[in-house]
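Asks: Please find one structure pasted underneath; my questions will follow.
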Amino acid sequence: MLTVALYRILKAKWENRHGDTDAANNNDAPQPEAPNPRTPPSTSSQREERGDSSTKWTIMLMVALAIPVFLETLDYTVVATAQVHIASVFNRLDLQSYIGTIYLLTSTVFLPPFGSLADIFGRHVALQVSLLIFMIGSAISTGSQNMATMLAGRGVAGIGAAGLLAVVRIILTDSNSLNANNWQQSMLFLLYTIGYCLGPFIGGELISVSFRWIFAINLPCCAVAGILGFFLLRGRTKGSQPSQRLPSTQSHSKMQSFVDKLLRVDWIGAALFMAGGILVLLALNWGSNEKWNSVKVVVCFVLGGILIVAFLGWEYVLEMQEESPMPSSIRLFHTDPMIPLALFRSLDVCIVQYGTFVSGMIMLVMFYFVAIFFIIVTGLSPTKSGVQLIYFAPGMGGGSLISIQLIKLARQPKYPIILGAIVCTVALGLISMGMDQNKENLVNGFMAMAGVGTGLSIGPLAIHARFSQPEDRVAIVSALSLFFRAFGGTVGLAQCGAVLNGKVNSYITEFIRSGAISSSDAAALSSASSSSSLSSLNGISSLPPDIQAVVREAFRQGTRYAFISLIPWCALAAILSLFLSKIRDRNSPRAESDSEAPEQEIKEEKIGALKEDVGDVAVPPLHAGDVRLAA
C-alpha cells in the first residue's frame, strides 16, 4: 500500500513539474486533461473552451434573465399600488397591508436558502424551480375567491421571487472576470430600471380590466422564461457543486443521486433561520405601525431572537464537525451549512454586508418617506408625488455608469463604494435641509444626488463580495447580500416610521402646551392626535384649516428627522469602507505574477484526492522539493 501511494505521489509531482513544458512542445496536438472530480462543471473557463465569447454569453444571459427580472419588478410596482383595490374586492380592507407584507417576508427569508440550493442542485435547476414556485403562487392568487387564498398565493409567490432574485444574481456573479462582472451588474441594473419604468403603465392597464390579470400575466411569462432558460442556460451555467464535506468520490455531482443532494441541504438551519427571520420581520413591521411594547411585537422579537440564536448554534455545530479530527458518522452533521460562519471571519464580508444593509435602508426609505413629504406636507396628489420619485432613479443610473468607469480605471470596486457612501451621507443631510426649508426643488435635486450615491455603491458592493471569497462561496455570499439589502429596507422603514410618529406626536404635544392656539382648537388637535384622524389623508383633510397647517408642519419635521436618523448609518458605512482590502484582478497583467502557487494548490488537491483513495495511509501536504509519507 505504501509503495502504491509513493508511486502515485511521485507521478503526480512529475506531471505537475513537466505538464506545462509538454503542452508547450505539443501545441498542435494538446493532450486532454483528465477531469478532476472536485472541479465543478460548466465553469466560465469551459465556456471559453467551447468558443462562447464574452459578448455572446452576456447577450444570452440578458435574454434568458430579462423575464425573471421583469416579473420581480412588475410585482413590486403593480401590486403595491393595487393592494387597496384587491382587498376591497374581498371586503377586507383591514388586511390590505398583508398583501404586500407576506410577500416581503417570504421573499426576504428565503434568499439564503436559495443560495444553498443553487450550489447543491445547480443554477439552472434552481432557476427553473423558482419560476415554477412563482407560477404556482401567481395561479393561486389569480383564482382566489377569498382573502385567505389570496394571502396564501402571495406567500408562495414570495418564495419563488426570492429564488428569482437570488439565482439571477448568482448566475451573473459566477464569472471570475472583473470586466464581465462589471458589465453584467450594469446590465442587471438596466433590466431593473426598464422593469420599474414599464411596470406602472402595464399595471394600470391590467387593473382597469381586473385585478386578477396582475397575477395572471405572470403565468405565460414564467412559461416563456423557463423555455428560454432551458435552451440558453442549461449546460452553460454552473451545475451541482461538489460537497467540501464529503470524500471526492461521493461529492462528485455526477455520482450524486437526487436523494443525496436532498440530504446535503441544511434543512434544520433553513427552518430555524426562516422561522426566526419571519418573526423578527413581523415584529419590525408591526412595531413601526403600532406600539413597540405591544404583546405581539415583544413576543415576536423574543421568539425570533431565540430561533436566530439556535440557528447560529446549529451552524456552529456543523462547522465544528467539519473541523473535528473524528467527525460524526451521522449524515445529518455532514449537510452543507446554509450560512457558513467562517464567512464572517472576513472583514471584507462584514463591511460589504453592512454597506448592502445601508443601501437597502436608503432605497426603501427614499421611496416611502419622500412620498409622505410630498403628499402630506406639500399637498401633492399621490400621482404627482409618484412623479417626483422619478428623480431618484436617473440618479441611480448615473451613479451606476460612473461606477463602471471607475472600476475600469482603478481595477478595484472599493473606490466607488467609498465615494458612494460619502455622497449618500451628504445627500441625506441636504434632503433634510430641503425639507426644513419646504422647497420641493431642493428635495428633488438632492434626491437625485442620493440616487447617484446609491448607484455608485450598489453594483461595486456585489462585485467586491464576489471577489473577496473563494469560488465555492459565491452563491451564498450573493444571496446573503440580497438578504441584508432587504433586511436593511425593513429596518429602515421601522426606524424611520418610529422617528416620524414620535416627532409628530411630540411636535403636536409641544404646540398645544405652548398656548399658540385657542382652547377649542387645542382640544380638536389633541383629539385628532389621539384618534385615527392622522392615519389617513381623508382624516387630515377633514380637520379645520388651522389645525391642518399644524399637522402638516408636524409631518414635515417628522420626515426631516427620519432622514437625519439615517445619516449615522451612512457615515459609519463610509468609514468602514475605507478598510476594504483590494481584490485580486485576474484580468490584470500582474495577476499571474501576484498569484502564488497555482501549482502548489494543484499538488495539494491531488494529494487530498490520493489520501481519500488510499484511506489508511496519512499523506501530509507536499512542500517544495520534498516528498514525505507518514505511516
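Every residue, even glycine, has its Cβ placed from backbone N, Cα and C.
Predicted automatically and left uncurated, TrEMBL annotations should be read as such.
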Asks: Can you identify, from 98-118, 476-496, the stretch that TrEMBL calls transmembrane segment?
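Replies: So the range that TrEMBL calls transmembrane segment is 98-118.
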Asks: Considering only the recorded stretches 57-78, 151-172, 296-318, 354-377, state which has the highest number of Cβ pairs under 8 Å to the transmembrane segment (441-463).
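Replies: That would be 354-377.
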Asks: Among the recorded stretches 57-78, 296-318, 354-377, 389-410, which has the greatest number of Cβ pairs closer than 8 Å to the transmembrane segment (188-207)?
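Replies: It is 57-78, which has the most Cβ pairs under 8 Å.
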Asks: Sequence-remote contacts (6 or more beyond its ends) of the transmembrane segment (57-78), Cβ cut-off under 8 Å?
Replies: 47, 103, 127, 130-131, 134, 157, 161, 164-165, 168, 171-172, 180, 183-184, 187-188, 191-192, 194-196, 198-200, 202-203, 206-207, 214, 217-218, 221-222, 224-225, 228-229, 232-233, 236
Asks: Could you give the residue numbers and ranges of same-chain residues that sit at least 6 residues beyond the transmembrane segment (296-318) on either side and whose C-beta is under 8 angstroms from one of its C-beta atoms?
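Replies: Hits for the transmembrane segment (296-318): 266, 268-269, 272-273, 275-280, 282-283, 286-287, 290, 333, 335, 337-341.
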